[in-house]
């Protein structure tokens, strides 16, 4: 029966498997957001600003920081874990990168992220502390360390030129940040669909006991995923510092929940084991566009938050219902 | 306590047949998928009697008591208590009717206190809130009534030893005022002294007119306590008789029956101690946390060694220990004569050990149900297809193809979720997954449980073929027919030890069952003499 279905869908060129369904829905919703926003601008200003390449590229550029964080977050969520240390990993990487400065800035930023990720992975895989608690604790520790480092004031150091170029520079009219995100995305795709580690991540998220009994080095894979997630946060922090030319307290706060939302909207199961990277990309675009359109429509902040939250819940309801029916 | 007018109280006493049966089941049937667990069973038990239910694993005993206690519903048949027809849609309604079951798996909450647990279903209330003082008093009373004054009602279950927990469980059942008390291997975790105590309690309860149903695999306990015995086999009620009127040999015969349903590939005649076949796997004095005691076994090249015995005598632990899953196993494991430490399943499949473990529960341990057939097939052997961590997709496709072909797995597309396959085909995926690692030693934990006859035969053929090609196979099965048909030798386990090794013609139903019950094979007259310490009596 299932073989019949797959040949059926192949004939039409699109296969809407349970795996792909959230991606299709989310993509559709991205178009709906664009349409509503365009309708609004046409009605009020008579222009279709939202469809201009400038606007779209600008949104993608803003989205790349979130996209990089979400890529790392996705690895951890696929395992059935979560990384709540993202906000201060981002901030710490940015602060340390700007503090060191010079050619070492970017490596230092990445190393800070990697270190935090390794600590997280060690705590979760070897100490067996639930990731929700452990990473929350690590986040608090990082904040404390950074307050101690800066004395509680905004650091006076500035981002290096290379950091700024990576964040706001352009190559052939395309923001470099987007290219960085694209490179991360290529890496993620290869990792998740072409590598043994990627397969192992899905297996652990599906059923850790079965993966362990199959001889998968489950602990090392968990550490690796957290390390990559930390590094992604470090990269995002370094870029963000370049974007705003400096590091500041709380600069990562706006990335934790949207990153989780983007991953889940993209169809990754919050309990792990299922999800495609393409979905996360679509999820990031959706979150960024939704925010942007809501602010273009000049809704008050309160209304924006309510709509933003409702959209996320609504999308998950749609996915959840679909899955129950297919099982 | 025993009045003359209650002849039921004296044991072995008169048969209670002239008494009206209290619980009556007529024509009860229950199927799980394709498996018939109970086949139009008629069964009755009376007040004031202790009724033992005997049978092999899978004979339908557990299903019987689950139906009686409302855990599962029968597909057909009626049940009546004291002449009134009853239907139990859930355990609560069975409890309300006075049927209380003490299950094999303890049902206590480890982090609550003894008093909390005893009153968990219906705590005493005061102003709508739980009256903890009354709750403690109730717990004290019931614990005193079963001779467990030493248990503090305020201690947490977690802090009690297993035998005390079991006593609390019994106490909890008694607070519900049962008229029918069912014990599913309730003595399995008890020490000899506690068993005595429980028997005293049960005798007292019987004399108070309760109807007590007990499942136990310990023959000497049944002799000590039961008034009536019923034997089940393959979901059918074979016979009910007054305890003491049948010999153990007859009982074992009833449990075995005479039904040969499977065909097995021929075994090879080989001298029992062929010196040319050095042991591939050898253990010396393996111990683990009291669940495995002094395990010495050898598996030679090309040999299938069976692990027999009743469920839960340490066979699973032994296999897990050999596959590196258990921590702190003491003793030596020798592979090809070399002392090898297998610290994890990852190490077990590495070169030098090359052990594969086909786990017991394919849904939780063998498969990633949410993933595709292809992903599951390659799960254990991923390292073989990757270079610098990147998978060679041609090699993966080829491995998947060969796995499917080798095991003749019926699949639509390898990309379909493995959960769409039938049980037998799922099990083939699990086995194929391990064959792709080309193991030298294969450990199987009851690989044919719950799968169809056709697939079973394929698995038997495959095992023999693998052995002929040089693999060493250790095969645990709860189905003694498989052990007889497949194995060159059978080690029977009881209470964490290998109590008997059967070779050649000794591998027959009678010897396997007798060893599994840890009674002497052959005529079995008088084993009761040394029945105090169970286990290791050989």
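From the backbone N, Cα and C atoms, a Cβ is placed for every residue, glycine too.
Unlike curated entries, TrEMBL annotations are predicted automatically.
Lifted from TrEMBL, the feature list:
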TRANSMEM  A:23-43  transmembrane segment
TRANSMEM  A:64-84  transmembrane segment
TRANSMEM  A:104-126  transmembrane segment
TRANSMEM  A:133-152  transmembrane segment
TRANSMEM  A:172-193  transmembrane segment
TRANSMEM  A:221-243  transmembrane segment
TRANSMEM  A:255-271  transmembrane segment
TRANSMEM  A:278-299  transmembrane segment
TRANSMEM  A:305-322  transmembrane segment
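With pairs at least 6 apart in sequence, the transmembrane segment (A:133-152) and the transmembrane segment (A:278-299) have fewer than 3 Cβ pairs within the 8 Å limit; the two do not touch. With respect to Cβ pairs under 8 Å, the transmembrane segment (A:255-271) is most closely packed against A:23-43, considering the stretches A:23-43, A:104-126, A:133-152, A:172-193. Remark: the transmembrane segment (A:23-43) makes no contact with the transmembrane segment (A:133-152), by the rule of 3 or more CB pairs under 8 A. Counting C-beta pairs under 8 angstroms (sequence separation of 6 or more), the transmembrane segment (A:133-152) reaches the transmembrane segment (A:64-84) with 3 or more such pairs. Most Cβ pairs under 8 A with the transmembrane segment (A:172-193) among the ranges A:64-84, A:104-126, A:305-322 are made by A:64-84.
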